């Protein structure tokens, strides 16, 4: 039997215009009384203001996820204007109209064609209208209604994360918060219990628990130890329908990690350690490493090491390696195998970060014994002192013993030692040492005034092992002996006025002494015995290492005696007494009435070497003569250099002089024999012959020729002078030129005869020599034309 479902109008809408009513009900004949009751109820609501009712509907309800084979019936639309004759047509529009929802245009029945999901769309809004089939006009105004999708429990709870990660400190109290999980249900929370979620724990008990309503996970077991187990995996279930049977559920995984707390003290894996080190290990040398283990991690596993007890706590130290958390035993002081061979230490390891709530577990530290054995090493000799200071008088003779040094082998073998002086510190070999007993003695004489301190180095070397040696500085002080006489501090030269009075101070004397007596210097001054009697001056000793020169008479005559030389004896008071004689020069000068010097023997003051005026004049005269001689010699040499190269026009050598160029002349080729000029032979006729140069040279840059008029005048002047010179050589000489021959555009040059020997010579061939000899051809061609005329 097909069942029809009628949806009743929830409330009537009263309007001044005709209203709609919806007599929707189940299409089952079993509920006529209920429908009449609803219609009556609707009629009674509008007794006071009765108006025409057109539609009797407002909203419909439809269950989601319908699985039937037929269309799902939604409801029926009906208008009061519908008389059942088929004259009205129902039209549906809005959300899903024609697709999800269809309407029977004759009866107004609405059906859903597809399965609907409330989670996708919970409400559909549609519009209904009834029109006249014949006229096509609406008989009622268009009205809007909704279709609500009723929820069913078709969605399981879903957690916000697939996997949760959380941490909680180990040893935490029961009920300590760990993490909160959250699940959501897409069903309608306002309709039944479809969206009411309850949490429960499926895996992770008895360590953790979860609150059913909030999803908060807490610790459920006391004293969970990270060192025993660090990771926990908890599975939480979320179930809807309030956890009742038939509800849907979802699960999630929570990975919980226990974080470390300092609940474990450090522990040494062994109680005793033993190391060895040579006695030569310098301070800071690592000997060995010890390590205590701590089950904690991070800063809770940090360990500090310290030496708390033992006979070697002042000889060794322990430092902590922050990376490896190891204790490094190091040498603190120099070791000596001969003094102590074994040391015992007590080393403690402790945690710097301690949590007071775990002190009940015991002290967070541990200790171990460290035994250190010192190995013997062959050591160099050791001097009895770090440095030696000796003294010796400067008048000590050679081979005088100054003192001694001592060194011995610190090893048990006590190897013998020999001594030597480092000659780099005693280059002059002033001192020497006995290699057997270390006695220091002199090998040269000493002088305190030359060098007060001598700093040398003594070397002690083991005889059996020369590689083992030690050095010690030796400072030798040379003690003073009075072996130097006092002398004037400076050269004294003073003056006295001609009108000086007796007992007048003219100069104060000072003395110095290279010696350095223990009681200080004490000098005495006096005139030399040979000058003490009849002296014109006296010496006054001031008893403070100074003395004054006083005049002994009234007035002095510089014309009679212009200079006085006073020998002064200076003595010291040391033993043996040393003395010296110094000379003070006193000049007699003319002074004004104030005692200021006006004139003395100026030549003596200016020329202290004693040269007279005559000697100076002679020296100046010699210098003048020497300068004149040099000037004359230079002038003669210059005049010789200016002798002409072309002596006369008749010179049959006929040298060609090239200006503004170098090379190619007789001065360069040395063709001219100067010996023939000095010893001329009788002249004889010589035939002229042309020479072809043997060597070829690269062409040179042709210099700019002088003006033709200047060259012609110069040659003419030289020719006239040579023609009148009786000493001109009447012969030709062979001239070899550096630039001529096959490399030249012109042919070879022959000697040009002078006008006195070959006056009738034809120079026309010069025109055939080319453009380079055009100037020469013009010159000699002009001469021929002058002869003809």
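Cβ coordinates are placed from backbone N, Cα and C, and glycine is handled just like the others.
What Swiss-Prot lists as domain 'Cadherin 1' is 54-159.
What Swiss-Prot records for 54-615 is topological domain 'Extracellular', and it gives sequence analysis as the kind of evidence.
If you look up Swiss-Prot, you'll see 160-268 marked as domain 'Cadherin 2'.
Residue counts for the domain 'Cadherin 3' (269-383) by DSSP state, with H, G and I taken as helix and E and B as strand, are 10 helix, 54 strand, 51 coil. The feature domain 'Cadherin 3' is assigned by Swiss-Prot to 269-383, with sequence analysis given as support.
According to Swiss-Prot, the feature domain 'Cadherin 4' maps to 384-486. Residue counts of the domain 'Cadherin 4' (384-486) by helix, strand and coil are 0 helix, 45 strand, 58 coil (DSSP-based).
The average pLDDT computed for the domain 'Cadherin 5' (487-608) is 87. Per Swiss-Prot, domain 'Cadherin 5' is recorded for 487-608.
Swiss-Prot lists 637-789 with the feature topological domain 'Cytoplasmic'.
Annotation comment: Swiss-Prot describes 785 (among others) as phosphoserine.
Among the features that Swiss-Prot reports, phosphoserine is placed at 789 (among others).
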